[in-house]
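A short worksheet on the structure shown next.
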Amino acid sequence: MSISTSTTPAGSRRAWRSGVRWAPYVFLAPFVTLFLVFLVAPIVTALYTSFFSVERSGLGFGNANESVFVGFDNYVRAFSHTGFITSFGRVLLFGIVQVPVMLTLAIALALLFDSATVRWKRFFQLSVFIPYAVPAVVATLLWGFLYQPRVSPIVELLQSIGVSVDFLAPGTVLWAIANVSIWSVTGVNMIIIFAALQTVQRDVYEAARIDGASELRMALQIKLPMVLPAVFLTTLFSIIGTLQLFNEPMTLRSVTSNVTGDYTPNMAVFSATTLGGNLNLGSAMAIILGLVTFALSIIVSVASNRRKGAAA
Amino acid sequence: MSHTTTSTSRPAGHLSGARGARLRQARPKVHPQGERPSRRARLLGWIFMIAVGLYFLAPVYWLIVASTKSTGDLFSTPGFLFAEFNLWQNLVELSQRENGIFWRWMFNSLIYSGLGSVLMTFISVISGYALAMYRFRGRNVVLAAVIGSMLVPQTVLAQPTYTLLVNIGLNNTMLGVLLPSLVYPFGVMLGYIYAQSSVPQELLEAARMDGASEWRAFFSIALKLLSPGAVTILLFAFIGSWNNFMLPLLVLNDTRLQPVTVGLSGWSQAAITVPGLQTLVIVGALVSIIPIVIVFVSLQRYWRAGLAAGGLKL
């Protein structure tokens, strides 16, 4: 595909060749600049900040604060920060339940939409996808009302059949958050898997159908394996999303006090950065969270590649 | 072309399969004969779909109903039933609260997400195009950086970005929220995939032979071919930045600079002590999602138009 080897009249060649040489750099310049300033530089800044600590020097004269190099002190403090560590366990529990439930629902819906079983496909697809257009904060505000006993028609309905639930109790609030995120993101995952299903050549199914395979068996044994790459992609994004959990629990704090300030790792980073006023500790926490996310993404990618290799 | 096509399906095949599928083929709606499920299967399908439809739509329906109620009715009338129609008063109150700050928030969101996602899309498309169509020194480095940074989500970057913005004095400014959100590696990846699959190298060379500059070849030829892909990127970029919450929360102290999501969640917090604010949170939430739904539905139409116009033969 090398451009310089292509055949062109010799005269115009020189003129466009210099253009060809520079064009990609010019085209990439905005992205690379922004990438360096707002992706690389922040990480470097955070890394740098995480190795320092602000200490008050002298006897309070002139308010002189000094940055002192403290090595891994902030990391040690982050790891001994009970709230921060507990929050990892919490999102792990959240992910173990939310990711499989959401993906199963998304896969089931995608397979249903791809089969002839369902009518009004466009309407139902749109209704599953619409919540994705509702920002997480607004979705949480909305569900927040549906969880509050004083306003919620759902609590009301349940009470009328003799079930009393408190969606916002300490033990259940995590699942109340999981519900909001399932509501929000099932649609987009369904669309991704559905789109993958659509690219499969139809005649693959014919043979199976002639062999008398049922619709369900075809869905699970033929269609699903063919879209595994898309399923892995959605799994990867869901796991990353889980570790980053912030918008929903943070917003739900306005409705319940059962969501603490360091409920998720990201919220712990946030509160260390703002309320705690310790930018250095917050930076160390952000770096740890970034590393954990990165490591987990790599593990999932490797696992998915291995599966793909085994399947091929 | 054939070379480009085969090389596309390797490195990021599943990505292009997933996101690009809609663009590639408009499948006939009619199912092949024989794919006719049993009556029981269809009945079960219907029950499942109705349950699913209820789950996904009921909250939205509730939001619409609740927006039309006065604060008193909100607490005293059945949630899923309409009461006295109070929507206009609610809207007036929403517009007047704190000198119409709600509309200022909407305007801010439009800047952050509207302008932001358009810029994001342009940068993604032109970068993806450069990566797909040219072989140049440093290409692999940029590609690796793009793929690697897709695994670093915005929220992890929020805190470091805030630290940086404080250092360079851009905290509590609109630029401080807008600029960082323009880095969108996932968009660049999509732009790369779309460029590979929809801009034939031969076309580019033909344009060069006709004496078109690289710049011109991109703007008058490639951009047209890339527009269906660009719309997809725009949709993801828009929703992504509309969802951006942590960074504005960290960066902006001034309530007048906040996007609508941050503003509404602030009101929601204040509603604990300020009665009547709850109704405004509800109406505000409804008003705030209307533009996204409009963008979404209209982009979907554009997509379908792009599909019908086709031209993408792989």
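In case you wondered, yes, glycine gets a Cβ from its N, Cα and C as well.
Taken verbatim from TrEMBL:
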- A:88-300: domain 'ABC transmembrane type-1' (DOMAIN)
- A:22-48: transmembrane segment (TRANSMEM)
- A:91-112: transmembrane segment (TRANSMEM)
- A:124-146: transmembrane segment (TRANSMEM)
- A:173-197: transmembrane segment (TRANSMEM)
- A:226-246: transmembrane segment (TRANSMEM)
- A:281-303: transmembrane segment (TRANSMEM)
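Just going by CB pairs under 8 A, the stretch in A:91-112, A:124-146, A:173-197, A:281-303 that sits most against the transmembrane segment (A:22-48) is A:281-303.
It is A:91-112 that, among the stretches A:91-112, A:124-146, A:226-246, A:281-303, forms the most Cβ pairs under 8 Å with the transmembrane segment (A:173-197). By the count of Cβ pairs under 8 Å, the stretch nearest in packing to the transmembrane segment (A:226-246) among A:91-112, A:124-146, A:281-303 is A:91-112.
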